[in-house]
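Read through the structure below, which is laid out as C-alpha coordinates, and then see the notes.
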Amino acid sequence: MNSPVDPGARQALRKKPPERTPEDLNIIYSYLHGMEILSNLREHQLRLMSTRARYERYSGNQMLFCSETIARCWYILLSGSVLVKDSMVLPPCSFGKQFGGKRGCDCLVLEPSEMIVVENSKDNEDSILQREIPARQSRRRFRKINYKGERQTIIDGVDINNYLSLPADLTKMHLTDNPHPQVTHVSSSQSGCSIASDSGSSSLSDIYQATESEVGDVDLTRLPEGPVDSEDEEEEEEEIDRTDPLQGRDLVRECLEKEPADKTDDDVEQLLEFMHQLPAFANMTMSVRRELCSVMVFEVVEQAGAVILEDGQELDSWYVILNGTVEISHPDGKIENLFMGNSFGIVPTLDKQHMHGAVRTKVDDCQFVCIAQQDYWRILNHVEKNTHKVEEEGEIVMVHEHRELDRSGTRKGHIVIKATPERLIMHLIEEHSIVDPTYIEDFLLTYRTFLETPLDVGIKLLEWFKIDNLRDKVTRIVLLWVNNHFNDFEGDPAMTQFLEEFERNLEDTKMNGHLRLLNIACAAKAKWRQVVLQKASRESPLHFCLTGGSEKGFGVFVEEVESGSKAADAGLKRGDQVMEVNGQNFENITLAKALEILRNNTHLALTVKTNIFVFKELLSRTEQEKSGVPHIP
(Lines of atoms letter the chains of each structure in order from A and count residues from 1; the text may use other names and numbers.)
(Lines give C-alpha, C1' and ligand atoms only; values in the text may rest on other atoms or scores of the structure.)
Protein backbone atom coordinates (compact mmCIF):
# COMPACT_ATOMS: atom_id res chain seq x y z
CA MET A 1 0.00 0.00 0.00
CA ASN A 2 1.46 3.35 -1.03
CA SER A 3 1.46 5.70 1.94
CA PRO A 4 -0.12 9.14 1.53
CA VAL A 5 2.05 10.44 4.39
CA ASP A 6 5.21 12.38 3.64
CA PRO A 7 8.17 10.22 4.80
CA GLY A 8 9.66 13.07 6.84
CA ALA A 9 6.35 13.76 8.57
CA ARG A 10 5.81 10.03 9.23
CA GLN A 11 9.25 9.74 10.82
CA ALA A 12 8.61 12.78 13.03
CA LEU A 13 5.14 11.52 14.03
CA ARG A 14 6.57 8.15 15.06
CA LYS A 15 8.80 9.78 17.67
CA LYS A 16 7.53 10.05 21.23
CA PRO A 17 6.37 13.65 21.95
CA PRO A 18 9.12 14.34 24.56
CA GLU A 19 11.76 13.25 22.03
CA ARG A 20 10.64 15.58 19.24
CA THR A 21 12.96 18.44 18.34
CA PRO A 22 11.72 21.89 17.24
CA GLU A 23 12.53 20.80 13.69
CA ASP A 24 10.32 17.70 14.10
CA LEU A 25 7.46 19.87 15.38
CA ASN A 26 7.82 22.22 12.41
CA ILE A 27 7.75 19.26 10.00
CA ILE A 28 4.58 17.89 11.66
CA TYR A 29 2.97 21.34 11.69
CA SER A 30 3.71 21.86 7.98
CA TYR A 31 2.16 18.48 7.17
CA LEU A 32 -0.97 19.12 9.26
CA HIS A 33 -1.22 22.65 7.84
CA GLY A 34 -1.53 21.20 4.33
CA MET A 35 -4.28 18.70 5.17
CA GLU A 36 -7.71 19.62 3.79
CA ILE A 37 -9.53 18.01 6.70
CA LEU A 38 -7.77 20.41 9.10
CA SER A 39 -7.95 23.49 6.87
CA ASN A 40 -10.34 25.32 9.23
CA LEU A 41 -8.08 25.08 12.28
CA ARG A 42 -5.94 28.07 13.21
CA GLU A 43 -2.16 28.10 13.72
CA HIS A 44 -2.16 27.79 17.52
CA GLN A 45 -4.47 24.76 17.29
CA LEU A 46 -2.23 23.02 14.73
CA ARG A 47 0.87 23.80 16.80
CA LEU A 48 -0.75 22.19 19.84
CA MET A 49 -1.85 19.20 17.75
CA SER A 50 1.75 18.74 16.55
CA THR A 51 2.81 17.95 20.11
CA ARG A 52 0.09 15.32 20.67
CA ALA A 53 -0.34 13.55 17.33
CA ARG A 54 1.29 10.27 16.32
CA TYR A 55 1.31 8.01 13.27
CA GLU A 56 -0.22 4.52 13.45
CA ARG A 57 -0.85 1.78 10.89
CA TYR A 58 -3.51 -0.87 11.51
CA SER A 59 -4.20 -4.17 9.77
CA GLY A 60 -7.65 -5.08 8.44
CA ASN A 61 -10.39 -6.86 10.41
CA GLN A 62 -9.31 -5.63 13.84
CA MET A 63 -11.16 -3.67 16.50
CA LEU A 64 -9.85 -0.12 16.87
CA PHE A 65 -11.90 0.61 19.98
CA CYS A 66 -14.90 -0.81 21.82
CA SER A 67 -18.06 0.63 23.29
CA GLU A 68 -17.94 1.90 26.89
CA THR A 69 -14.15 2.34 26.83
CA ILE A 70 -12.67 5.73 27.75
CA ALA A 71 -11.95 7.95 24.73
CA ARG A 72 -8.34 8.98 25.23
CA CYS A 73 -7.75 9.97 21.59
CA TRP A 74 -9.38 10.70 18.24
CA TYR A 75 -8.30 9.78 14.72
CA ILE A 76 -7.59 11.22 11.28
CA LEU A 77 -7.99 8.52 8.63
CA LEU A 78 -5.33 8.83 5.91
CA SER A 79 -5.91 5.60 3.97
CA GLY A 80 -8.10 2.49 4.16
CA SER A 81 -11.52 2.52 5.83
CA VAL A 82 -13.22 1.83 9.16
CA LEU A 83 -16.77 1.00 10.25
CA VAL A 84 -18.17 3.07 13.14
CA LYS A 85 -21.57 1.80 14.24
CA ASP A 86 -23.57 1.85 10.97
CA SER A 87 -21.34 4.30 9.12
CA MET A 88 -18.34 3.55 6.95
CA VAL A 89 -15.62 6.20 7.27
CA LEU A 90 -13.45 6.93 4.23
CA PRO A 91 -10.32 9.10 3.99
CA PRO A 92 -9.66 11.91 4.44
CA CYS A 93 -11.85 12.12 7.53
CA SER A 94 -11.67 12.50 11.29
CA PHE A 95 -13.64 10.44 13.80
CA GLY A 96 -13.68 9.75 17.52
CA LYS A 97 -14.50 11.75 20.63
CA GLN A 98 -12.37 14.87 20.85
CA PHE A 99 -13.46 15.71 24.40
CA GLY A 100 -13.08 12.39 26.19
CA GLY A 101 -15.80 10.47 27.96
CA LYS A 102 -17.00 6.94 27.21
CA ARG A 103 -17.32 5.72 23.66
CA GLY A 104 -20.83 4.80 22.56
CA CYS A 105 -20.05 2.16 19.93
CA ASP A 106 -17.40 -0.13 18.46
CA CYS A 107 -15.04 0.73 15.61
CA LEU A 108 -13.78 -1.95 13.19
CA VAL A 109 -10.84 -1.45 10.80
CA LEU A 110 -12.10 -2.87 7.50
CA GLU A 111 -8.82 -2.94 5.58
CA PRO A 112 -5.17 -1.98 6.18
CA SER A 113 -5.37 1.68 7.22
CA GLU A 114 -3.04 4.54 8.15
CA MET A 115 -4.11 7.08 10.75
CA ILE A 116 -2.91 10.04 12.73
CA VAL A 117 -3.90 9.51 16.36
CA VAL A 118 -4.39 12.69 18.41
CA GLU A 119 -4.32 12.42 22.18
CA ASN A 120 -7.17 14.15 23.99
CA SER A 121 -6.27 16.87 26.46
CA LYS A 122 -6.09 16.12 30.15
CA ASP A 123 -7.95 18.12 32.80
CA ASN A 124 -5.08 20.57 33.27
CA GLU A 125 -4.30 20.97 29.55
CA ASP A 126 -5.77 23.13 26.81
CA SER A 127 -8.02 21.44 24.27
CA ILE A 128 -6.84 21.55 20.65
CA LEU A 129 -10.29 22.48 19.38
CA GLN A 130 -10.92 25.31 21.84
CA ARG A 131 -10.45 28.88 20.74
CA GLU A 132 -7.36 30.69 21.90
CA ILE A 133 -8.22 33.33 24.52
CA PRO A 134 -5.13 35.50 24.95
CA ALA A 135 -4.96 38.37 27.39
CA ARG A 136 -5.73 41.70 25.77
CA GLN A 137 -2.51 43.22 24.45
CA SER A 138 -3.90 45.33 21.62
CA ARG A 139 -5.33 48.83 21.69
CA ARG A 140 -8.95 49.01 22.81
CA ARG A 141 -10.87 51.59 20.79
CA PHE A 142 -14.57 52.17 20.08
CA ARG A 143 -17.05 55.05 19.90
CA LYS A 144 -19.82 56.15 22.22
CA ILE A 145 -22.67 58.49 21.25
CA ASN A 146 -24.31 60.56 23.97
CA TYR A 147 -27.90 61.80 24.13
CA LYS A 148 -27.08 64.87 22.01
CA GLY A 149 -25.52 62.78 19.23
CA GLU A 150 -21.95 63.78 20.12
CA ARG A 151 -19.39 61.06 19.44
CA GLN A 152 -16.69 60.17 21.99
CA THR A 153 -13.80 57.80 21.25
CA ILE A 154 -13.05 55.38 24.10
CA ILE A 155 -9.50 54.05 24.43
CA ASP A 156 -7.79 51.64 26.88
CA GLY A 157 -8.42 52.29 30.57
CA VAL A 158 -12.18 51.58 30.76
CA ASP A 159 -13.17 48.64 32.96
CA ILE A 160 -14.07 45.73 30.71
CA ASN A 161 -16.69 44.48 33.19
CA ASN A 162 -18.75 47.67 33.10
CA TYR A 163 -20.37 47.21 29.70
CA LEU A 164 -23.23 45.02 28.60
CA SER A 165 -22.44 42.00 26.46
CA LEU A 166 -23.67 41.28 22.96
CA PRO A 167 -26.80 39.13 22.59
CA ALA A 168 -26.06 35.46 23.25
CA ASP A 169 -28.83 33.85 21.23
CA LEU A 170 -29.59 35.55 17.92
CA THR A 171 -32.63 33.33 17.38
CA LYS A 172 -34.38 35.07 20.27
CA MET A 173 -33.88 38.53 18.82
CA HIS A 174 -36.23 40.31 16.43
CA LEU A 175 -34.78 39.74 12.97
CA THR A 176 -36.24 41.06 9.76
CA ASP A 177 -35.09 40.46 6.20
CA ASN A 178 -36.20 43.87 4.94
CA PRO A 179 -33.14 46.11 4.54
CA HIS A 180 -33.39 49.87 4.79
CA PRO A 181 -34.07 51.33 1.32
CA GLN A 182 -30.85 53.36 1.44
CA VAL A 183 -28.75 50.19 1.52
CA THR A 184 -27.75 48.21 -1.55
CA HIS A 185 -26.93 44.54 -0.92
CA VAL A 186 -24.47 43.18 -3.47
CA SER A 187 -25.14 39.58 -4.45
CA SER A 188 -22.38 37.04 -4.85
CA SER A 189 -22.68 37.22 -8.60
CA GLN A 190 -24.67 38.97 -11.28
CA SER A 191 -24.63 36.00 -13.64
CA GLY A 192 -27.78 34.41 -14.97
CA CYS A 193 -27.05 30.88 -13.79
CA SER A 194 -30.11 29.04 -12.57
CA ILE A 195 -28.61 27.11 -9.68
CA ALA A 196 -26.55 28.25 -6.74
CA SER A 197 -24.44 26.07 -4.49
CA ASP A 198 -22.30 27.24 -1.60
CA SER A 199 -20.52 24.59 0.37
CA GLY A 200 -20.02 26.98 3.26
CA SER A 201 -16.95 25.14 4.43
CA SER A 202 -14.65 28.06 5.11
CA SER A 203 -16.02 29.35 8.40
CA LEU A 204 -14.21 28.30 11.56
CA SER A 205 -17.61 27.67 13.15
CA ASP A 206 -18.10 24.62 10.92
CA ILE A 207 -15.39 22.56 12.57
CA TYR A 208 -16.50 23.61 16.06
CA GLN A 209 -20.08 22.60 15.26
CA ALA A 210 -18.84 19.31 13.83
CA THR A 211 -16.84 18.50 16.96
CA GLU A 212 -18.61 20.17 19.87
CA SER A 213 -22.33 19.76 19.31
CA GLU A 214 -23.76 16.39 18.33
CA VAL A 215 -20.78 14.38 17.19
CA GLY A 216 -19.87 11.15 18.81
CA ASP A 217 -17.31 8.94 17.08
CA VAL A 218 -18.01 10.18 13.55
CA ASP A 219 -17.09 13.49 11.94
CA LEU A 220 -20.39 14.80 10.58
CA THR A 221 -18.68 16.99 7.99
CA ARG A 222 -17.99 13.74 6.14
CA LEU A 223 -20.91 11.62 7.31
CA PRO A 224 -23.84 14.01 7.64
CA GLU A 225 -26.62 11.44 8.03
CA GLY A 226 -26.56 11.23 11.81
CA PRO A 227 -24.38 11.19 14.92
CA VAL A 228 -22.97 8.01 16.42
CA ASP A 229 -21.22 7.26 19.68
CA SER A 230 -23.48 9.88 21.23
CA GLU A 231 -25.37 8.07 23.97
CA ASP A 232 -24.08 10.68 26.41
CA GLU A 233 -24.79 13.45 23.92
CA GLU A 234 -27.11 15.43 26.22
CA GLU A 235 -24.50 15.52 28.99
CA GLU A 236 -21.86 16.69 26.50
CA GLU A 237 -24.12 19.47 25.20
CA GLU A 238 -24.91 20.60 28.76
CA GLU A 239 -21.20 21.02 29.46
CA ILE A 240 -20.80 23.13 26.35
CA ASP A 241 -23.83 25.26 27.19
CA ARG A 242 -22.46 25.98 30.65
CA THR A 243 -19.13 27.31 29.46
CA ASP A 244 -19.37 28.68 25.93
CA PRO A 245 -21.96 31.49 25.42
CA LEU A 246 -20.69 34.14 27.84
CA GLN A 247 -17.14 33.51 26.79
CA GLY A 248 -18.14 33.74 23.12
CA ARG A 249 -19.96 37.05 23.58
CA ASP A 250 -17.04 38.63 25.43
CA LEU A 251 -14.68 37.43 22.71
CA VAL A 252 -16.81 39.07 20.00
CA ARG A 253 -16.93 42.33 21.96
CA GLU A 254 -13.16 42.26 22.45
CA CYS A 255 -12.62 41.67 18.74
CA LEU A 256 -14.97 44.52 17.82
CA GLU A 257 -13.21 46.98 20.12
CA LYS A 258 -9.78 46.36 18.62
CA GLU A 259 -8.24 48.78 16.18
CA PRO A 260 -8.66 47.35 12.64
CA ALA A 261 -4.86 47.15 12.30
CA ASP A 262 -4.68 45.04 15.49
CA LYS A 263 -7.25 42.43 14.44
CA THR A 264 -5.74 38.97 13.96
CA ASP A 265 -7.01 36.16 11.73
CA ASP A 266 -8.70 34.61 14.78
CA ASP A 267 -10.43 37.93 15.53
CA VAL A 268 -11.78 38.15 11.99
CA GLU A 269 -12.99 34.52 12.11
CA GLN A 270 -14.70 35.21 15.43
CA LEU A 271 -16.50 38.20 13.92
CA LEU A 272 -17.46 36.19 10.83
CA GLU A 273 -19.16 33.59 13.01
CA PHE A 274 -21.26 36.31 14.61
CA MET A 275 -21.97 38.51 11.58
CA HIS A 276 -23.00 35.79 9.12
CA GLN A 277 -26.25 35.38 11.09
CA LEU A 278 -27.34 38.96 10.39
CA PRO A 279 -29.61 39.79 7.41
CA ALA A 280 -27.44 42.78 6.44
CA PHE A 281 -24.61 40.38 5.49
CA ALA A 282 -26.80 37.60 4.05
CA ASN A 283 -26.32 38.32 0.33
CA MET A 284 -22.59 38.98 0.50
CA THR A 285 -19.85 36.54 -0.43
CA MET A 286 -17.56 35.16 2.23
CA SER A 287 -14.59 37.22 1.04
CA VAL A 288 -16.64 40.44 1.22
CA ARG A 289 -17.84 39.62 4.75
CA ARG A 290 -14.28 38.85 5.81
CA GLU A 291 -12.96 42.17 4.52
CA LEU A 292 -15.81 44.10 6.14
CA CYS A 293 -15.11 42.38 9.47
CA SER A 294 -11.48 43.42 9.26
CA VAL A 295 -12.30 47.16 9.00
CA MET A 296 -15.52 47.57 11.01
CA VAL A 297 -15.65 49.91 14.01
CA PHE A 298 -17.82 49.32 17.10
CA GLU A 299 -20.20 52.05 18.28
CA VAL A 300 -22.42 52.17 21.40
CA VAL A 301 -25.37 54.44 22.25
CA GLU A 302 -26.22 54.02 25.93
CA GLN A 303 -29.49 55.99 26.15
CA ALA A 304 -32.82 55.73 24.35
CA GLY A 305 -33.88 58.79 22.37
CA ALA A 306 -30.35 59.73 21.26
CA VAL A 307 -30.13 61.19 17.73
CA ILE A 308 -27.61 59.21 15.69
CA LEU A 309 -28.14 61.02 12.37
CA GLU A 310 -30.00 64.26 11.65
CA ASP A 311 -32.23 64.75 8.62
CA GLY A 312 -30.05 66.07 5.78
CA GLN A 313 -26.78 65.23 7.58
CA GLU A 314 -23.93 64.12 5.28
CA LEU A 315 -23.31 60.39 5.55
CA ASP A 316 -19.87 58.88 5.94
CA SER A 317 -20.59 55.28 7.09
CA TRP A 318 -22.71 52.17 6.65
CA TYR A 319 -24.31 50.98 9.92
CA VAL A 320 -25.49 47.51 11.01
CA ILE A 321 -27.50 47.13 14.22
CA LEU A 322 -26.08 44.51 16.63
CA ASN A 323 -28.37 45.22 19.56
CA GLY A 324 -31.44 47.38 20.21
CA THR A 325 -33.92 49.21 17.97
CA VAL A 326 -33.72 52.50 16.07
CA GLU A 327 -36.46 54.68 14.61
CA ILE A 328 -36.22 56.64 11.36
CA SER A 329 -38.55 59.64 11.12
CA HIS A 330 -38.93 60.44 7.41
CA PRO A 331 -39.69 64.00 6.19
CA ASP A 332 -43.15 62.87 4.99
CA GLY A 333 -44.07 61.81 8.53
CA LYS A 334 -43.56 58.09 7.96
CA ILE A 335 -41.97 56.22 10.89
CA GLU A 336 -39.77 53.19 10.21
CA ASN A 337 -38.35 50.86 12.88
CA LEU A 338 -35.13 48.93 12.34
CA PHE A 339 -34.00 46.02 14.49
CA MET A 340 -30.99 43.83 15.11
CA GLY A 341 -29.42 42.75 11.80
CA ASN A 342 -30.87 45.66 9.79
CA SER A 343 -28.65 48.28 8.17
CA PHE A 344 -28.82 51.94 7.22
CA GLY A 345 -26.52 54.66 5.93
CA ILE A 346 -24.55 55.03 2.70
CA VAL A 347 -24.73 53.05 -0.51
CA PRO A 348 -21.42 51.84 -2.01
CA THR A 349 -20.39 54.94 -3.97
CA LEU A 350 -17.94 57.77 -3.30
CA ASP A 351 -20.54 60.44 -4.11
CA LYS A 352 -21.72 62.75 -1.35
CA GLN A 353 -24.82 61.29 0.32
CA HIS A 354 -27.23 62.76 2.85
CA MET A 355 -29.60 61.17 5.33
CA HIS A 356 -33.30 61.31 4.48
CA GLY A 357 -34.93 61.48 7.88
CA ALA A 358 -33.70 61.50 11.47
CA VAL A 359 -32.40 58.34 13.16
CA ARG A 360 -32.99 57.90 16.92
CA THR A 361 -32.48 55.03 19.35
CA LYS A 362 -35.65 53.57 20.90
CA VAL A 363 -34.01 51.58 23.70
CA ASP A 364 -30.95 51.82 25.92
CA ASP A 365 -27.64 50.20 24.96
CA CYS A 366 -27.99 50.20 21.18
CA GLN A 367 -24.89 48.73 19.53
CA PHE A 368 -23.70 49.07 15.96
CA VAL A 369 -20.81 48.27 13.66
CA CYS A 370 -19.82 50.99 11.20
CA ILE A 371 -17.95 50.73 7.92
CA ALA A 372 -16.38 53.92 6.59
CA GLN A 373 -17.59 55.04 3.14
CA GLN A 374 -14.18 54.63 1.51
CA ASP A 375 -13.83 51.04 2.83
CA TYR A 376 -17.43 50.12 2.01
CA TRP A 377 -17.09 51.34 -1.57
CA ARG A 378 -13.69 49.71 -2.05
CA ILE A 379 -14.73 46.31 -0.73
CA LEU A 380 -18.11 46.02 -2.46
CA ASN A 381 -16.94 47.43 -5.80
CA HIS A 382 -13.87 45.21 -5.95
CA VAL A 383 -15.85 41.99 -5.45
CA GLU A 384 -15.27 41.07 -9.11
CA LYS A 385 -11.58 40.51 -8.47
CA ASN A 386 -12.48 37.62 -6.17
CA THR A 387 -14.81 35.88 -8.61
CA HIS A 388 -14.09 33.93 -11.76
CA LYS A 389 -16.82 33.20 -14.29
CA VAL A 390 -16.68 30.12 -16.51
CA GLU A 391 -18.39 30.59 -19.88
CA GLU A 392 -19.46 28.02 -22.46
CA GLU A 393 -20.90 29.07 -25.80
CA GLY A 394 -21.30 32.63 -24.58
CA GLU A 395 -23.24 31.71 -21.40
CA ILE A 396 -21.98 31.75 -17.81
CA VAL A 397 -22.20 28.19 -16.47
CA MET A 398 -20.17 28.49 -13.23
CA VAL A 399 -18.92 31.18 -10.86
CA HIS A 400 -15.98 30.62 -8.48
CA GLU A 401 -15.13 32.81 -5.53
CA HIS A 402 -11.52 33.18 -4.39
CA ARG A 403 -11.12 32.67 -0.66
CA GLU A 404 -8.17 32.84 1.71
CA LEU A 405 -8.37 31.01 5.02
CA ASP A 406 -5.58 33.05 6.58
CA ARG A 407 -3.46 36.09 5.82
CA SER A 408 -0.33 34.07 5.13
CA GLY A 409 -1.57 33.33 1.62
CA THR A 410 -0.82 29.60 1.91
CA ARG A 411 -4.45 28.49 2.32
CA LYS A 412 -6.28 29.92 -0.61
CA GLY A 413 -8.29 28.71 -3.55
CA HIS A 414 -11.61 28.88 -5.36
CA ILE A 415 -14.98 27.68 -4.16
CA VAL A 416 -18.05 27.18 -6.35
CA ILE A 417 -20.79 29.66 -5.43
CA LYS A 418 -23.08 29.34 -8.47
CA ALA A 419 -23.43 27.00 -11.45
CA THR A 420 -25.85 25.25 -13.76
CA PRO A 421 -26.99 21.75 -12.69
CA GLU A 422 -24.92 20.11 -15.44
CA ARG A 423 -21.78 21.98 -14.39
CA LEU A 424 -22.31 21.14 -10.72
CA ILE A 425 -22.44 17.44 -11.64
CA MET A 426 -19.29 17.79 -13.75
CA HIS A 427 -17.46 19.42 -10.83
CA LEU A 428 -17.80 16.16 -8.84
CA ILE A 429 -14.82 14.67 -10.68
CA GLU A 430 -12.76 17.86 -10.95
CA GLU A 431 -10.02 18.82 -8.51
CA HIS A 432 -11.34 20.59 -5.41
CA SER A 433 -9.31 23.30 -3.73
CA ILE A 434 -8.19 23.31 -0.10
CA VAL A 435 -10.94 25.83 0.74
CA ASP A 436 -13.66 23.53 -0.62
CA PRO A 437 -12.75 20.02 0.57
CA THR A 438 -16.35 18.86 1.17
CA TYR A 439 -17.85 19.67 -2.24
CA ILE A 440 -18.89 16.06 -2.93
CA GLU A 441 -20.62 15.68 0.44
CA ASP A 442 -22.34 19.06 0.03
CA PHE A 443 -23.54 18.14 -3.46
CA LEU A 444 -24.97 14.78 -2.32
CA LEU A 445 -26.78 16.56 0.50
CA THR A 446 -28.31 19.35 -1.64
CA TYR A 447 -28.79 18.03 -5.20
CA ARG A 448 -32.49 17.40 -4.48
CA THR A 449 -33.08 21.14 -4.65
CA PHE A 450 -32.00 21.49 -8.28
CA LEU A 451 -32.23 18.02 -9.91
CA GLU A 452 -35.47 16.23 -10.70
CA THR A 453 -34.00 12.75 -10.29
CA PRO A 454 -30.77 11.34 -8.82
CA LEU A 455 -30.49 9.12 -11.88
CA ASP A 456 -29.06 12.14 -13.75
CA VAL A 457 -26.03 11.83 -11.49
CA GLY A 458 -25.99 8.02 -11.65
CA ILE A 459 -25.88 7.94 -15.46
CA LYS A 460 -22.89 10.31 -15.52
CA LEU A 461 -21.06 8.27 -12.87
CA LEU A 462 -21.48 5.08 -14.93
CA GLU A 463 -20.09 6.90 -17.97
CA TRP A 464 -17.08 8.22 -16.04
CA PHE A 465 -16.41 4.79 -14.50
CA LYS A 466 -15.35 3.57 -17.96
CA ILE A 467 -12.47 6.09 -17.93
CA ASP A 468 -9.47 4.51 -16.18
CA ASN A 469 -8.13 7.64 -14.46
CA LEU A 470 -11.59 8.54 -13.08
CA ARG A 471 -12.54 5.09 -11.80
CA ASP A 472 -11.24 5.47 -8.24
CA LYS A 473 -12.78 8.93 -7.86
CA VAL A 474 -16.18 7.72 -9.15
CA THR A 475 -16.08 4.74 -6.77
CA ARG A 476 -15.41 7.05 -3.83
CA ILE A 477 -18.38 9.23 -4.80
CA VAL A 478 -20.70 6.19 -4.93
CA LEU A 479 -19.38 4.89 -1.59
CA LEU A 480 -20.02 8.26 0.04
CA TRP A 481 -23.48 8.41 -1.53
CA VAL A 482 -24.48 4.93 -0.33
CA ASN A 483 -23.00 5.50 3.10
CA ASN A 484 -24.56 8.92 3.73
CA HIS A 485 -27.86 8.78 1.82
CA PHE A 486 -28.91 5.16 1.33
CA ASN A 487 -32.57 6.20 1.21
CA ASP A 488 -31.88 7.55 -2.28
CA PHE A 489 -31.37 3.95 -3.42
CA GLU A 490 -33.69 1.70 -1.44
CA GLY A 491 -36.74 3.84 -2.16
CA ASP A 492 -36.15 4.11 -5.94
CA PRO A 493 -36.17 1.04 -8.24
CA ALA A 494 -34.20 2.94 -10.90
CA MET A 495 -31.46 3.75 -8.40
CA THR A 496 -31.45 0.15 -7.18
CA GLN A 497 -30.83 -0.88 -10.78
CA PHE A 498 -28.01 1.68 -10.97
CA LEU A 499 -26.44 0.12 -7.87
CA GLU A 500 -26.64 -3.37 -9.42
CA GLU A 501 -24.97 -2.14 -12.60
CA PHE A 502 -22.26 -0.36 -10.64
CA GLU A 503 -21.63 -3.55 -8.66
CA ARG A 504 -21.24 -5.50 -11.91
CA ASN A 505 -18.73 -2.90 -13.11
CA LEU A 506 -16.68 -3.37 -9.93
CA GLU A 507 -16.73 -7.14 -10.48
CA ASP A 508 -15.71 -6.82 -14.13
CA THR A 509 -12.77 -4.53 -13.27
CA LYS A 510 -11.79 -6.80 -10.34
CA MET A 511 -12.02 -3.96 -7.81
CA ASN A 512 -12.77 -6.49 -5.07
CA GLY A 513 -11.74 -4.27 -2.17
CA HIS A 514 -14.11 -1.48 -3.23
CA LEU A 515 -16.85 -4.07 -3.90
CA ARG A 516 -16.46 -5.36 -0.34
CA LEU A 517 -16.77 -1.83 1.05
CA LEU A 518 -19.90 -1.26 -1.02
CA ASN A 519 -21.40 -4.51 0.31
CA ILE A 520 -20.66 -3.47 3.89
CA ALA A 521 -22.16 0.00 3.42
CA CYS A 522 -25.35 -1.37 1.84
CA ALA A 523 -25.80 -4.03 4.51
CA ALA A 524 -25.23 -1.52 7.33
CA LYS A 525 -27.50 1.19 5.95
CA ALA A 526 -30.50 -0.83 4.72
CA LYS A 527 -33.60 -0.37 6.89
CA TRP A 528 -36.73 -2.45 7.29
CA ARG A 529 -39.70 -1.13 5.32
CA GLN A 530 -43.43 -1.84 5.45
CA VAL A 531 -45.28 -2.76 2.24
CA VAL A 532 -49.04 -3.31 2.53
CA LEU A 533 -50.92 -5.11 -0.26
CA GLN A 534 -54.62 -5.97 -0.59
CA LYS A 535 -55.78 -8.81 -2.85
CA ALA A 536 -59.34 -9.04 -4.13
CA SER A 537 -59.43 -12.76 -3.33
CA ARG A 538 -57.07 -15.57 -2.35
CA GLU A 539 -56.86 -16.63 -6.00
CA SER A 540 -55.74 -13.18 -7.16
CA PRO A 541 -52.15 -13.09 -8.51
CA LEU A 542 -49.36 -11.60 -6.42
CA HIS A 543 -47.78 -9.66 -9.33
CA PHE A 544 -44.30 -10.49 -8.00
CA CYS A 545 -42.05 -13.56 -7.96
CA LEU A 546 -39.99 -14.96 -5.08
CA THR A 547 -36.79 -17.00 -4.93
CA GLY A 548 -34.47 -18.42 -2.27
CA GLY A 549 -35.70 -20.10 0.87
CA SER A 550 -34.07 -22.00 3.72
CA GLU A 551 -33.58 -25.08 1.53
CA LYS A 552 -30.97 -23.05 -0.41
CA GLY A 553 -29.42 -21.56 2.69
CA PHE A 554 -30.88 -18.09 2.00
CA GLY A 555 -33.81 -15.97 3.05
CA VAL A 556 -36.81 -15.31 0.79
CA PHE A 557 -36.13 -12.66 -1.86
CA VAL A 558 -38.22 -10.76 -4.41
CA GLU A 559 -36.92 -11.80 -7.84
CA GLU A 560 -39.23 -9.74 -10.08
CA VAL A 561 -42.01 -7.19 -9.62
CA GLU A 562 -44.54 -6.62 -12.38
CA SER A 563 -44.19 -3.06 -13.67
CA GLY A 564 -47.21 -0.86 -12.93
CA SER A 565 -48.71 -3.33 -10.45
CA LYS A 566 -49.98 -2.51 -6.98
CA ALA A 567 -46.90 -4.21 -5.55
CA ALA A 568 -44.60 -1.92 -7.54
CA ASP A 569 -46.63 1.14 -6.57
CA ALA A 570 -46.42 0.13 -2.89
CA GLY A 571 -42.61 0.15 -3.08
CA LEU A 572 -41.77 -3.55 -3.44
CA LYS A 573 -38.77 -4.06 -5.71
CA ARG A 574 -36.29 -6.58 -7.01
CA GLY A 575 -33.65 -7.55 -4.47
CA ASP A 576 -35.85 -6.98 -1.40
CA GLN A 577 -35.55 -9.65 1.28
CA VAL A 578 -38.88 -10.52 2.91
CA MET A 579 -38.33 -10.44 6.69
CA GLU A 580 -41.94 -10.84 7.91
CA VAL A 581 -45.46 -11.26 6.52
CA ASN A 582 -48.41 -10.45 8.79
CA GLY A 583 -46.10 -10.75 11.80
CA GLN A 584 -44.73 -14.20 10.82
CA ASN A 585 -40.93 -14.47 10.55
CA PHE A 586 -39.66 -15.25 7.04
CA GLU A 587 -35.91 -15.29 7.75
CA ASN A 588 -35.74 -19.09 8.03
CA ILE A 589 -38.60 -20.45 5.98
CA THR A 590 -38.86 -22.63 2.87
CA LEU A 591 -39.92 -21.02 -0.41
CA ALA A 592 -42.99 -23.28 -0.65
CA LYS A 593 -44.19 -22.31 2.83
CA ALA A 594 -43.63 -18.62 2.07
CA LEU A 595 -45.70 -18.82 -1.14
CA GLU A 596 -48.47 -20.69 0.70
CA ILE A 597 -48.79 -17.92 3.28
CA LEU A 598 -48.81 -15.21 0.64
CA ARG A 599 -51.46 -16.93 -1.47
CA ASN A 600 -53.77 -17.83 1.43
CA ASN A 601 -54.14 -14.24 2.70
CA THR A 602 -55.93 -11.30 1.07
CA HIS A 603 -54.34 -8.69 3.38
CA LEU A 604 -50.54 -8.79 3.25
CA ALA A 605 -48.37 -6.64 5.52
CA LEU A 606 -44.83 -7.32 4.33
CA THR A 607 -41.71 -6.19 6.17
CA VAL A 608 -38.85 -6.06 3.66
CA LYS A 609 -35.24 -4.94 3.54
CA THR A 610 -33.02 -4.05 0.59
CA ASN A 611 -30.32 -6.74 0.42
CA ILE A 612 -29.25 -6.58 -3.20
CA PHE A 613 -25.81 -8.13 -2.76
CA VAL A 614 -26.98 -11.25 -0.91
CA PHE A 615 -29.66 -11.49 -3.58
CA LYS A 616 -26.96 -11.43 -6.26
CA GLU A 617 -25.11 -14.21 -4.44
CA LEU A 618 -28.33 -16.22 -4.41
CA LEU A 619 -28.74 -15.78 -8.17
CA SER A 620 -25.10 -16.75 -8.70
CA ARG A 621 -25.59 -19.91 -6.62
CA THR A 622 -28.70 -20.79 -8.61
CA GLU A 623 -26.87 -20.37 -11.93
CA GLN A 624 -23.99 -22.55 -10.73
CA GLU A 625 -26.37 -25.30 -9.67
CA LYS A 626 -28.10 -25.23 -13.06
CA SER A 627 -24.75 -25.48 -14.84
CA GLY A 628 -23.44 -28.22 -12.56
CA VAL A 629 -20.55 -25.99 -11.42
CA PRO A 630 -19.46 -26.53 -7.77
CA HIS A 631 -20.38 -23.55 -5.60
CA ILE A 632 -17.49 -21.37 -4.42
CA PRO A 633 -18.71 -19.04 -1.63
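The backbone N, Cα and C atoms fix where each Cβ goes, and this holds for glycine too.
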Can you dig out which of the ranges 1-20, 381-400, 401-420 TrEMBL describes as region 'Disordered'?
1-20
Under an 8 Å Cβ to Cβ limit, what residues of the same chain, 6 or more beyond the ends of the region 'Disordered' (1-20), are close to it?
27-28, 30-31, 51-55, 78-80, 91, 112, 114, 116
Mean predicted confidence [pLDDT] for the domain 'N-terminal Ras-GEF' (412-526):
89
